[in-house]
């Protein structure tokens, strides 16, 4: 792992922890009302990507995402940023077709050869899922950021939404949480190299395989977990008819993230998430403040949160384990609406 460039030292916040908080974002875009009957999925429902119908059998899925460095290795940072951007297409159940680079380059602190490695890392992930890089746009910036604009394709009848989970379905999370806390620890030089490598491997792994595998089953909803944390994105999956009942002990997380959170190594994005969800979620008394921070932790390139039948979920998890994707767990269930959108027990 190449740490000589110290990419994380020249940014205020790492990765998706730099994301604008969900409350502020909603206020900012609420007046934007695109009107076109071919828009199958817009930004009015907090979906992962937008979908625009081309004809009876084809729709394009569009998204973009870019992040500041979460690790110091340029190539791995490029991989993580690309995996994070591509994930929105996978969450919709779509296939990636093309991508374009989005770059803000900090020429003052970062050498040009590091940028070449970042772009190579990103391109490796685009190729891994069968996509093609078509170009991009680069500006000079006081802070480094990199990501992708991504276009995918899907049949209009096969779109997987995030806010349609069925009562009786269970919730599967495919990656452990805690990455916001751990990338903050990286930025503060608190993490040992072996743990940095483990975190980087998790963040750089694509959600492509879980996305392809879940399509074999009856999936009622799916989203990916990124800057708003598990709780923020789970809230986007709720509606007036259902409540998500989640067991905090069943949520996979990286152990060291708990330890760092206990020592107040908590990113600002995570604190904003905690503030946003506090009146929307019931945390039962057995859920500690440290677990609350973990559940709200701002993830970068997190896993998929999928609602599906319990028997299917068990088979799905076993399939992922067979492909060495061993973090997936059933973390809760969808129940009829109670007094809160989410209950954490």
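Even glycines carry a Cβ here, placed using N, Cα and C.
When Swiss-Prot records 48, 224 as binding Mg(2+), the matching candidate from 88, 106, 279 it lists for that site is 88. Note on proximity: of the binding-site residues 65, 136, 138, the one nearest residue 48 (Mg(2+) binding site) is 65, by Cα distance. Within 8 Å of the centroid of the Cβ atoms of 48, 88, 224, where the record puts Mg(2+), the same chain has further Cβ atoms from 47, 49, 63, 87, 89, 90, 91, 92, 223, 226.
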